[in-house]
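Colleague: Quick one: this structure, given as structure tokens, is what I'll be asking you about.
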Amino acid sequence: MTMNSIGRPTAPSATTGTDVETFTGNRGLDIEDGLIFEVGRNDVTGVDVPETPKVASRLGAHARKTPIDLPGLKEPETMRHYVRLSRQNYAIDLGVYPLGSCTMKHNPRLNEKMARLPGFADVHPLQPLATVPGAIELIADCGRWLLELTGMSSVAMSPKAGAHGEACGMMAIKAALTARGESRSIVLVPESAHGTNPATAALLGYKVVAIPAREDGTVDVEAVKAKLSSDVAALMLTNPNTCGLFERDIVAIAEAVHEAGAYFYADGANFNAIMGKVRPGDLGVDAMHINLHKTFSTPHGGGGPGAGPVVLSEKLAPFAPVPFVRFDADGKAEFIETRKQAGDTATPFGRIAAFHGQMGMFVRALAYMMSHGSDGLKQAAEDAVLNANYVKARLKDVMSLPFGDRHVMHEALFDDSFLEGTGVTTLDFAKAMIDEGFHPMTMYFPLVVHGAMLIEPTESESKAGLDQFVGALRSLVARAKAGDAESFKAAPIHAPRRRLDETRAARHPILKWTGERPEQQEAAE
Ligand SMILES: *Cc1c(COP(=O)(O)O)cnc(C)c1O
């Protein structure tokens, strides 16, 4: 098979003996389109705006001397451009999206319908609170559900992502230590942690000390004890951890951390596996972020808005940033705008974000929680775990499990030892999955496992969907073992683009359109 200039396979013609290429570069329904800057024209627009009256410019020397140079398209061209682009993308609405640790699950359309109600969609963050009591009540209600599910006493709703929530929780811990007159300098982070954990600790000026993983992939309470001292501010731990395993010693770990005067930060990104089953508050957690865009099905990916509310224990509640939600004596949720109103004497660290957080995400998350109910959320967690164990069971005879055939939580972790001697790497294997029509699983993470492949099917996949996914993976394993490494090196063949130079993209991102394609830029350099 040969490839054309953009890396698409072409077929030889029986009559001419040369490769057949389409004039457009399109392949049936797979339609190529340029960037908006390439296909747009400056003199075209899809809207008809009235001439603006001529007024004297008061911009003086700041007035623009050159045309604004925005690309324009007519309305139908605009539609086609973006629809064509969207068809080159993968989406949870297209197929299984088994990214480990990310909980890419179905976003129920009911959530979308609720979020589009004008009373929620059209509020402005600068509106006086008195004009949006319903929206405030909704935020408080969403917070109340989170407190109920986690068994914690206060929740800051404003953080805008998991990593932002980590910063918020760790800042509350820092504020609490400062209030105690202490300035501890170390944060303990297990080796299997998500990269945002050590990054958050480092950002706040802490020295990060790694806790090695045990043979079985979990954290050993003795290893934590060995690193604890009066200089340790906190331990950051994910449970279930990023190997998909439940940290069984979590209560003993929490006790040891507290005994040393430190705080226990839990990374709640994997809460999907345990919601409705275990309350982190009962396990001794002091602060935990919740990724609404993972566990509570708000749309996720493409850099879209996330939401990372942080729940805090009673000890840390006084240090929650404003605004926050807490329960009053009657168990009613209150939305606290300023500390003064609440009559608190504590010293919070201020605001973590402007305004109240991602309103649209709160509506979607609450719609998800209310439509499931407590029994439904619990079932979602159980089904997520069941699905992961099903995938593990169906693949364990052909792929390799680094920690033995242990019961997993919401995700199944494989290493690359089953590929040994085949010449196929984890990366090749993942690229071949693209040709099968699947988004690859998480690769090379967690780092504690060689060539890791972390699969999180989530509860929203049916058995039929999982069987097809498993079938594709089993056939890829068979092909790799049959010595067909070459086809893996060529993959993906059927994707809109072949293998990209990911290192170059990361090291030399070109963030501004200059009118030249990167190859041209490089030639000019
Ligand atoms: C996703 C994730 C995070 C970070 O959350 P973002 O919303 O992407 O910032 C942190 N820890 C774990 C374990 C995660 O999976």
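Each residue, glycine too, has its Cβ placed from N, Cα and C.
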Colleague: Suppose you had to name the range TrEMBL annotates as region 'Disordered'; which of 40-66, 283-309, 499-525 would you pick?
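Modeller: The range carrying the region 'Disordered' annotation in TrEMBL is 499-525.
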Colleague: List the helix, strand and coil residue totals of the domain 'Glycine dehydrogenase C-terminal' (380-480) as derived from DSSP.
Modeller: 47 helix, 10 strand, 44 coil
Colleague: Across the domain 'Aminotransferase class V' (171-301), what does the pLDDT come to on average, as a whole number?
Modeller: 96
